[in-house]
Amino acid sequence: MRNPQLNEHGELQHLLTLDGLPRQIITAILDTAAPFTEVAEREVKKLPLLRGKSVFNLFFENSTRTRTTFEIAAKRLSADVVNLNIATSSSNKGESLLDTVDNLSAMQADMFVVRHAASGAPFLIAQHLLATGRDHIRVVNAGDGRHAHPTQGLLDMYTIRHYKGDFTNLVVAIVGDVLHSRVARSQIAALTTLGVPEVRVIGPKTLLPTEVERMGVRVFHDMREGLKDVDVVMMLRLQNERMNGALLPTPQEYYKIWGLTAEKLALAKPDAIVMHPGPMNRGVEIDSAVADGTQAVILPQVTFGIAVRMAVMSMLGSH
């Protein structure tokens with residue numbers, strides 16, 4: 001069966017997940033993003049690649065960083081951008097997701113950027129567009145439930161490649177609440193596809209998926225042991241909003257065991273980089289001295305995110 005993200009020519013049609021996406025597509029996105037990083041340095045930060053196209057940002061969950069970077073990316077490509085305010089929209093008045101999509105499609109939308117609390121919502125939209133003969137409209141998953149956050153995974157890969165070059169000689173550690181993290185799932189899919197020989201996940205048993213070892217990773221419940229000789233440390237926040245009343249340690253208890261401090265970071269390689277998808281909780285999963293330190297590349301991740309999202313939208317808009 002054909003990958004629903006690719007057209008009959010094997011080109012990117014939607015970006016829904018990094019799981020199962022071919023290595024050459026991921027690499028092509030990273031390669032396409034590289035020249036877009038230079039656009040930010042220009043006096044006029046505009047390219048005409050999506051001129052005349054309409055991009056609708058459909059954010060059914062709160063977001064600042066992701067929504068803003070998608071908006072900036074689309075505008076730098078000269079697209080017309082519509083931000084749907086879900087709090088006051090028809091979805092709060094009982095309209096279904098697909099009815100909302102139908103109505104926006106009737107406004108000649110060319111691309112939907114979708115964030116939704118329900119895993120699979122962007123897939124549902126893409127399937128609906130295909131079934132109703134509107135598969136010229138592209139869908140980008142900006143995060144769905146616990147399932148996936150593909151553009152975050154891609155910008156993380158771009159960041160690693162920028163600082164480390166080759167993926168095939170790295171040890172990468174993902175630390176924290178993997179169980180509730182769509183970012184972690186996208187990171188693991190991309191890292192394994194790109195040939196990283198050792199991906200580690202580090203966290204308490206209660207915050208790791210039961211099937212995590214089947215994802216091709218090494219599991220550590222001792223943070224100090226897991227950080228030994230790693231090249232990249234990817235921190236994750238506690239996803240309190242997805243825990244549904246689970247028993248949690250206090251922030252102080254969590255920080256003591258799982259917070260990244262300078263002392264714990266010293267166990268990694270001397271040139272290891274520290275990443276975080278944001279928002280960051282200082283004094284919980286990461287110490288301020290580390291977040292603001294020379295090994296942190298957290299702000300460059302945000303900058304690279306614009307270029308990566310430009311790459312995704314320009315590739316989708318050209319097919």
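Placement of Cβ uses the backbone N, Cα and C atoms for every residue, glycine included.
The carbamoyl phosphate binding site annotation in Swiss-Prot covers Arg65, Thr66, Arg115, His149, Gln152, Gly278, Pro279. Sequence-distant neighbours of His149 (carbamoyl phosphate binding site) (same chain, 6+ residues apart, CB-CB distance under 8 A): Asn141, Ala142, Gly143, Arg182, Val183, Arg185, Ser186, Pro277.
According to Swiss-Prot, the feature L-aspartate binding site maps to Lys93, Arg182, Arg237, an assignment based on sequence analysis. In the three-state DSSP scheme, Arg237 (L-aspartate binding site) is classed as coil. Long-range Cβ proximity for Arg237 (L-aspartate binding site), meaning a same-chain Cβ under 8 A and a gap of 6 or more residues, is found for Gly176, Asp177, His276, Pro279, Met280, Asn281, Val284, Glu285.
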Checklist line | Span of Arg65, Thr66, Arg115, His149, Gln152, Gly278, Pro279 around carbamoyl phosphate - largest C-alpha separation, Å | finding: 16
Check: Any idea which of the binding-site residues Arg65, Arg115, Arg182 has the thinnest Cβ neighbourhood at 10 Å?
Finding: Arg65
Check: Which of these binding-site residues has the least crowded Cβ, counting other Cβ atoms within 10 Å: Thr66, Gln152?
Finding: Thr66
Checklist line | Check: same-chain CB within 8 A of carbamoyl phosphate site center, minus Arg65, Thr66, Arg115, His149, Gln152, Gly278, Pro279 | finding: Ser63, Ala142, Gly143, Val183, Pro277
